[in-house]
Amino acid sequence: MSFPCKFVASFLLIFNVSSKGAVSKEIRNALETWGALGQDIDLDIPSFQMSDDIDDIRWEKTSDKKKIAQFRKEKETFEEKDAYKLFKNGTLKIKHLKIHDQDSYKVSIYDTKGKNVLEKTFDLKIQERVSEPKISWTCINTTLTCEVMNGTDPELNLYQDGKHVKLSQRVITHKWTTSLSAKFKCTAGNKVSKESRMETVSCPEKGLDIYLIIGICGGGSLLMVFVALLVFYITKRKKQRSRRNDEELEIRAHRVATEERGRKPHQIPASTPQNPAASQHPPPPPGHRSQAPSHRPLPPGHRVQHQPQKRPPAPSGTQVHQQKGPPLPRPRVQPKPPQGAAENSLSPSSN
């Protein structure tokens, strides 16, 4: 490599090292500042007092060298996007901190002669506030748990009766054996917030745990509800079965009554022949000649002789009861002539 090339390379290397040293020195001299996410923060300039000799105060982000606020005498104050506010004493307010606001901020102050009288860098870091810790315990194995749900890089500390017993980040589990009753304090904190909670734990020497008692009571209640539902179901089934039986009996009785009502018209003619006299026609009045149907009247002599042969024998009661099925048609019975008419008909023959 030629001498001019070596000289240029050495110059660039020296310049690069010196610039890195300046940046490192600037970050090392920066004032570390912590801000809470979603909150406002004021960047106060230490060891600075505003005077009439100050002409220019300028704030910028060191990451992109971008001006975000500026105060100049007899000129309007510049503030970017309403996210910043610059006070007359040089303090910069950053509103509603967000994650991307985490950066380094540099302030430069000049007097009326243009001389740089002060430069200061702030290294802003943002964290989420911690939530209040929660304490829970069980008396069966004398174990206590403390935990924090929210917060950036939380730090938990547990104290028993004022004595520090444990340190952790998110969850602390502690088993105590000194006594059955104790006072516990759990604190959670980070760079921007701190929360604490205190509980007095008292466990009985002998007896059931509260959770066991609740479980037994709950199980007993469920058992009682189940038994009540079972009794109600059985009672309802019995009522339904009884109602169904009653309906079946009623339907059966109605059917039997309907069948008996249908048989009655066929049984009435069969029972009437038991009283033959009631079924005969009423005797005709005296002097009336009875005639057989579809026959001409015969002479008196023949009428007396053939009249007894045309009377059919009356059916007996036993025959009526032995008959089964529908009743058979009966022959028409010829009415018996009155006694006076018979004597009148016989008198000419006797003469």
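Keep in mind that glycine also has a Cβ here, set from the backbone N, Cα and C atoms.
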Second cysteine of the disulfide that Swiss-Prot assigns to Cys139, among Cys5, Cys203, Cys217: Cys203
Swiss-Prot annotation, disulfide partner among Cys146, Cys217 for Cys186: Cys146
Region 'CD58 binding region 2' according to Swiss-Prot, located in which of 16-30, 106-120, 121-135, 166-180: 106-120
Least buried by Cβ count (within 10 Å) of the glycosylation sites Asn89, Asn141, Asn150: Asn141
Inter-residue Cα distance where the pair is Asn141 (N-linked glycosylation site) and Asn150 (N-linked glycosylation site), in Å: 28
DSSP helix/strand/coil residue counts for the compositional bias 'Basic and acidic residues' (243-262): 20 helix, 0 strand, 0 coil
Rounded Cα-Cα span from Asn141 (N-linked glycosylation site) to Asn89 (N-linked glycosylation site), Å: 61
